[in-house]
Amino acid sequence: MAALSFELLAFIFGLLGNIISFLVFLAPLPTFYQIWKKKSSDGFQSIPYSVALFSAALLLYYAFLKTNAYMIVSINGIGCVIESIYLFLYVLYASKKSRAFTIGLILIFNAGGIVVIMLFSLLLVEGPDRVAVVGWICAVINIAVFAAPLSIMKQVIQTKSVEFMPFTLSFFLTLCATMWFFYGFFVKDYYIALPNVLGFLLGFAQMMLYCVFKNATKEGNYEIDDLKVQNKGQPAGEGKLYTPTKIYKADSINGKEMELQQIVVSKTPDNI
């Protein structure tokens, strides 16, 4: 009876984990709608989607080795498809430099990395040890993925702004980690359960940070970027019209400077 209850609980938490993970996979849709609308992926990074694809593909391979891990197979199969579509759209609308970098990343990191792990586990490891080795690799990768938001948390503390750490995403990531922890616990798969303990703790910490800083005054440091004086192509000088220039935020997010409103007022010559 106890075993039956554990199986039922594992099914429930696995199903909930699938549903919530699917919603998390769909979280970047607004970003890619923006990319599609602008017909450009400049200012965005492909690395998070490449890492997500690698993690999903590795977990899919682990699930096949483990056998009967249908909950892991289903969501990570879907995840591989979704992340592949994201990367395709990114490459489609990327600049030449970003396109070359992303294609290289996919070939070396995603395809190359998975092939190396598969060959290593199939040729050099035998029997149950194969599942254990790949399981530990999955656990380490998942811990690294869960640790990635630490940079965002540091930024929130420094800037006292939660603009780039939305509460909804933090909440669903925490909920997702909770579901997969209990799924791993009930099926006794600690390669799945243990990394999600860290995922829950970091997700909870993100939500606490959000509550602390959500009403904080946004204090940004701004700088005038190469204040340029123009007068219809003529050199600036005494009595010339000073055209407005743009002010940029000192910090940059994801490698993209956030352009602010043009607030430098034109100066009119005194003799007009």
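Note: Cβ is positioned from N, Cα and C throughout, glycine not excepted.
Summarising the annotation, TrEMBL assigns transmembrane segment to 6-26, 47-64, 70-93, 100-125, 131-152, 164-186, 192-213.
The stretch from 6-26, 47-64, 70-93, 164-186, 192-213 that makes the most Cβ contacts under 8 Å with the transmembrane segment (100-125) is 47-64. Below 8 angstroms of C-beta separation, residues 48, 51-52, 54-55, 58-59, 61-62, 65-66, 117, 120-121, 125, 164-165, 177, 189, 191-192, 194-196, 198-199, 202, 206 of the same chain, each at least six residues beyond the ends of the transmembrane segment (131-152), sit close to that stretch.
The stretch in 47-64, 70-93, 164-186, 192-213 that contributes the largest number of Cβ pairs under 8 Å to the transmembrane segment (6-26) is 164-186.
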